[in-house]
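Asks: Handing you a structure now.
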């Protein structure tokens with residue numbers, strides 16, 4: 001489009017605005033110019049020249065990287081494109097010089113209205129393309145000046161220049177008085193102090209951590225000038241940021257102290273109770289807050305009765321969590337203080353006695369007092385030959401594994417051999433056990449060497465003395481030295497899907 005055609009369109013639009021506004025002198029002026037230029041026009045009366053009701057405009061926004069998003073703007077059909085650019089700038093921070101609007105499949109100019117492009121009802125669409133700002137230098141003063149010029153154009157003042165009061169005569173430049181020949185007129189304007197946003201190129205103040213327009217972070221390589229002095233606005237902002245940081249640190253400290261006190265109070269309790277309604281996975285009872293116990297190690301929740309029954313029926317010193325389903329068996333253990341809080345004093349003492357008995361039976365260096373019904377026992381070493389029971393005070397011989405007071409070891413063993421020849425019942429029992437061992441109906445425990453027998457069922461048995469799990473078909477321990485689940489030793493049944501023996505009947 002050449003300059004003459006562009007000027008004619010601007011004069012035609014100015015004529016339309018002057019007629020719509022009732023400005024006769026301006027209308028005569030614009031009509032006279034158009035007539036002198038012999039510009040062909042088409043005049044059409046519109047029933048609604050300047051509608052003022054608000055409508056919803058659907059805008060598709062695209063940037064230089066082909067990123068697209070749809071937004072909705074509340075506008076009026078009589079708004080100019082310049083006013084629309086200002087609205088987007090105020091709402092989203094994109095300067096007007098970076099906005100390129102396409103309405104009705106053609107580029108829209110600033111002085112044109114939305115109504116002239118067919119934007120008249122809700123749902124009408126427009127397209128906004130955001131230009132790259134890398135080659136543009138923007139600052140607050142320039143943005144404010146451009147906005148004021150667009151507001152003046154909307155009011156009908158175009159190409160406005162300020163004239164001084166007085167006669168319209170050219171003012172001659174003042175002669176130089178105290179200036180040497182060759183001296184420059186004025187120092188060049190210093191560049192604005194601050195950092196340029198890499199996204200929208202807005203010049204921000206040095207102390208600002210993010211762009212005031214698009215909130216992009218300040219470049220890491222930027223250094224605040226050492227001689228820079230913040231103005232009053234910056235000092236107020238910095239003081240506000242310091243106060244907000246101080247309040248944040250104070251609230252964080254208070255929250256940490258509160259959490260610490262809460263953990264201390266919780267740690268001082270023997271049992272952790274539930275805070276929400278739950279269901280016991282064992283008996284399926286619905287439990288209100290405070291009625292169930294949450295295990296500390298695995299966080300599973302049960303009623304007190306089910307946990308008490310689990311502890312009483314446990315054959316191990318460490319009580320396992322009773323949670324189990326079709327795919328998972330919890331390996332967690334109940335803590336000692338949880339067990340003590342759940343049981344009565346009598347039941348807790350029995351539980352401790354069970355643990356002591358298990359520890360005694362599983363040790364190869366333990367010895368139990370031979371006095372009938374005496375509970376005394378000890379761990380012995382190789383250089384110790386006698387054990388004085390602290391319960392019955394009898395002296396046990398660790399070499400003979402018996403009590404033979406007033407006799408030495410040789411005298412006791414000779415007497416024992418003599419009595420064995422005359423004891424028919426003892427001899428018959430010994431012969432029967434030998435036959436059972438030879439025929440495979442019994443075996444020695446691989447841990448404590450007592451004779452154990454399988455009555456029926458699968459090939460898994462447990463020693464009644466040391467509680468060692470035994471594989472009957474291999475005549476050895478079921479698990480490795482690590483206990484249940486350790487397949488580094490034992491019979492290693494079902495490892496890689498292979499049974500431990502061709503005759504295995506499931507030693508689980």
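These residue numbers are counts, starting from 1, taken along the chain as shown.
Glycine is no exception: its Cβ is also placed from the backbone N, Cα and C atoms.
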Asks: Which one of 222, 328, 348 shows up in Swiss-Prot with the note phosphotyrosine?
Replies: 328
Asks: Zinc finger per Swiss-Prot: which of the ranges 445-474, 475-504 is that?
Replies: 445-474
Asks: Check Swiss-Prot for me: it has 298, 300, 321 binding Zn(2+) 2, so pick out which one of 306, 330 it puts in that same site.
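Replies: Record source Swiss-Prot; matching candidate: 330.
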Asks: Among 280, 448, all listed as binding-site residues, which has the most CB atoms within 10 Å of its CB?
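Replies: Checking each of 280, 448, the winner is 280.
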Asks: Apart from its near flanks, which chain residues at least 6 from the ends of the zinc finger (445-474) lie with a Cβ under 8 angstroms of it?
Replies: 315-316, 358, 361-362, 364, 433, 436-437, 484, 490-491, 493, 500-501, 503-508
Asks: Between 283, 466, which of the binding-site residues has the fewest other CB atoms within 10 angstroms in the structure shown?
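Replies: Each of the binding-site residues 283, 466 was scored by Cβ atoms within 10 Å; lowest is 283.
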Asks: Which whole-number value in Å describes the distance between the Cα atoms of residue 298 (Zn(2+) 2 binding site) and residue 306 (Zn(2+) 1 binding site)?
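Replies: One finds 16 Å between the Cα atoms of these residues.
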Asks: Closest to residue 330 (Zn(2+) 2 binding site): which of the binding-site residues 280, 389, 397, 400, 445, going by Cα position?
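Replies: Nearest listed residue in space: 280.
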Asks: Let me know the DSSP-derived helix, strand or coil state of residue 397 (Zn(2+) 4 binding site), please.
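Replies: Reduced to three states, the DSSP call for residue 397 (Zn(2+) 4 binding site) is strand.
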Asks: Just jot down the residues in the same chain as residue 409 (Zn(2+) 4 binding site), at least 6 apart in sequence, with C-beta under 8 A of its C-beta; none if empty.
Replies: 397, 399, 400
Asks: Between C-alpha atoms, which of these binding-site residues comes nearest to residue 369 (Zn(2+) 3 binding site): 280, 283, 303, 306, 404?
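Replies: Going through 280, 283, 303, 306, 404 one by one, the Cα closest to that of residue 369 (Zn(2+) 3 binding site) is 404.
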